[in-house]
Every structure is written in C-alpha cells, then in structure tokens.
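Everything on this sheet refers to the single structure shown next.
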Amino acid sequence: MANQVIKCKAAVAWEAGKPLSIEEVEVAPPKAHEVRIKIIATAVCHTDAYTLSGADPEGNYPVILGHEGAGIVESVGEGVTKLKAGDTVIPLYIPQCGECKFCLNPKTNLCQKIRVTQGKGLMPDGTSRFTCKGKTILHYMGTSTFSEYTVVADISVAKIDPLAPLDKVCLLGCGISTGYGAALNAAKVEPGSTCAVFGLGGVGLAVIMGCKMAGAARIIGVDINKDKFARAKEFGASECINPQDFSKPIQEVLIEMTDGGVDYSFECIGNVKVMRAALEACHKGWGISVVVGVAASGEEIATRPFQLVTGRTWKGTAFGGWKSVESVPKLVSEYMSKKIKVDEFVTHSLPFDQINEAFDLMHAGKSIRTVVKL
C-alpha cells in the first residue's frame, strides 16, 4: 500500500457549525519529506470545537479536524530518514525542523518552516493529500487526526516508545503538554510559591500538575463550574473557588486570600476578561501571569499599564513551550515511568462513528478528554 492511495473512514467537517460527517476518503501516498500514519486513537480538544464553530480565522472547509492523536507509521516519502514504517508516533501541530531561526533559538518552540501552508490547510508543497466525493479536503493544524490515515510533514512527527498505550498518550499531542509546560517552561514555577489556575478543564488540570511538580506550596483553582473542583483537588489543587460566589472581582478575592496576590497565574480558557483578572491577581513586584487559552479572533486584552509598571509580567505560551520533536518522546517516557498523569484526564472513550458525541460531552462540561478509537 506504500505507494498507493488508501481508502478509509474520516470525520469530515463540510462546513462550520455542522456536525462532523463520517465519510470514505482517499488518502494519497506521502510525497518527499512526508509520512503517512495509521491513526489508532485521537482525543477531541476545545481547539477542534473552536474551528468547527466558525470562530477560527484560519478555519477553512471542507476539512478533516483533529490534532491530539497517536498512531503507527504506514509509509514514508522520499528523503525521510528518521522515521520508518512501523514506528509508533504522535503527530505534532507545532513542528521542529531544527534549522529555522526559531528552532535555533532556545527561547521558543515556534518553528516557522511550514507555518504558511499549514495555516491554509495544505501540505508544505501547497497541496492536500485528502479527497472525498471528488472534492479536495483540507488538512488541519498539519495533523488531521480525525481520519484512519493521515499524511503529515516529517518534521511534524515525534517517534515514541512503542510500548506506550496510544489511547492514552495521544493526549500528549496537545492539552496535557500545553498545560504542564506552561507551568514548567513559561512561568518557571518555583518551590514554595502560590499559583492560581483559571479554568479547570484538561489544560488547567495539566497546569495544576505542573505547578505541583515544580513544588508550589499553594495552588488555587478558579472555575464557575463547581463540578470540576473535586478532580482539580485530585490533581493537586489546594483549594478551589467559584467567582460567582463573590460580590467583588475575583482578582480582589485572590489578593485578599494570598496576602497581596499570587506568584503565578494561568488563564486556561481563552476569555480576555479572565486574562485581565489573572494578571491583576498577581503579586506586585514579581507576579507572572501566563496566557494559555486561545481567545476568539479579533479579541484584545486590556489592563492599566500601572499593573506592569509595578512589576507584574504578562506572557503567553503555545504547546507549553516544548520543542516538539525532541520533547514529546521525553513526556511519553515521564508518563511510562509514572512521573506525570495521563490516564486520569481520560473521562470518556467512544468509537469513531460516535465522534460528534465527544463534542457534545465537552460543550456540556461533562468530560475532561474523550478519546476516540479508530
């Protein structure tokens, strides 16, 4: 099958705001420096829902969504040297070419090698590998894991431990790595510190895990859904608060609770008003607030400059700052040695033909992560 078109099932988004449709698609063989992967498991993330809603400025249709997956290499294109058929892999929405100025700079993980084409839903050569009913279907985030087979650039693949359970480690393709790295790499949380985590979904729980790993003495979870508090405490939150329980702004509540503010705060929702609250909940002189959530297109953040003049830092992170190709295998190893939690994030498991239910569970706030098995 290596040089042939594969016919398989995929969940196609024909247009914004409509449920995904399970279709038979054709997946072309990998071209030079591309890899075709048989996807074994994929999770559904808020970013997929964000694009499907129509709010994503890079949302193009028809498209195969999905970016939190894991699978086995089926075949490789010409010039691929670091991967071979049979390798166990996680596709990466942030690549690591190792050559661009971003990859060569230790301060960032934002490889730009294929950014332009990836943003258009195309492979690096400007074309797609997917067709359905005679129509070209676009790629998504360079990964498109909602398909039994997908084609990705060879710089967008992490080769991982073949013994790793793919229905678990697929989560390391986005949410867990993003939150965990926000605490360790972006904030650089210090032992004995106080942290506040806004938004207790999968990413927020991963931030809590990272804060705890870094030795934070106090971790305050913040969410308007109190049903999320028990799980947040299982992950390491010392206490949880609901902004709706207070008559004053949540930043004032946190400042009073922590003798002047928290050392580190994290916004894991994508709400610009919450981003402001997270910054203003930080301690004068040294507080750091990390924006992790993705806001809707066109949204702007605001605060008084005095907040920054008086020593607070506002920063953001993508994929937790991890340089992807080299870091994801290490994160899988940390999971395999029980250093980090992954299983605990999986609240539901569904067969592929019920993938739309995964979105329903997420919108209802009933799931942390739903894993879909292909």
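Backbone N, Cα and C atoms are what each Cβ position is placed from, and that goes for glycine too.
The Cβ of ALA2 (N-acetylalanine) has PRO29, GLU74, SER75, ALA85 as same-chain neighbours under 8 Å, each 6 or more residues away in sequence. Residues annotated as N-acetylalanine in Swiss-Prot, with similarity to another entry given as evidence: ALA2.
Counting only same-chain residues at least 6 apart in sequence, those with a Cβ under 8 Å from the Cβ of CYS174 (Zn(2+) 1 binding site) are ALA43, CYS45, THR47, HIS67, GLU68, TYR93, PHE319. Taken from Swiss-Prot, the feature Zn(2+) 1 binding site covers CYS45, HIS67, CYS174, and the record attributes it to similarity to another entry.
A simple way to gauge crowding: the CB of CYS97 (Zn(2+) 2 binding site) has 17 other CB atoms within 10 angstroms, across all the protein chains here. Here Swiss-Prot flags CYS97, CYS100, CYS103, CYS111 as Zn(2+) 2 binding site.
The site 'Important for FDH activity and activation by fatty acids' feature in Swiss-Prot is assigned to ARG115. On its own chain, ARG115 (site 'Important for FDH activity and activation by fatty acids') has no residue at least 6 apart in sequence with a Cβ closer than 8 Å to its own Cβ.
Marked as N6-succinyllysine by Swiss-Prot: LYS233 (among others). Remark: LYS233 (N6-succinyllysine) has GLY221, GLU239, CYS240 as non-local neighbours, by Cβ distance under 8 Å and separation of at least 6 in sequence. In the three-state DSSP assignment, the secondary structure recorded for LYS233 (N6-succinyllysine) is helix.
Residues or ranges marked as phosphoserine in Swiss-Prot: SER247 (among others). DSSP assigns SER247 (phosphoserine) to coil in the three-state reduction, placing it in neither a helix nor a strand.
Positions annotated as N6-succinyllysine by Swiss-Prot: LYS315 (among others). LYS315 (N6-succinyllysine) falls within a strand segment according to DSSP.
Per Swiss-Prot, the feature phosphoserine maps to SER324 (among others); the stated evidence is similarity to another entry. Packing around SER324 (phosphoserine) is summarised by its Cβ count: 26 other Cβ atoms lie within 10 angstroms of its Cβ, all protein chains included.
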Give the distance between the Cα atoms of SER324 (phosphoserine) and CYS111 (Zn(2+) 2 binding site), rounded to the nearest whole Å.
9
Listed in sequence order, residues with CB under 8 A of SER247 (phosphoserine) and six or more positions away:
none
Around CYS45 (Zn(2+) 1 binding site), how many other C-beta atoms are within 10 angstroms of its C-beta?
25
For a quick check of packing: other C-beta atoms within 10 Å of the C-beta of CYS111 (Zn(2+) 2 binding site), how many?
23
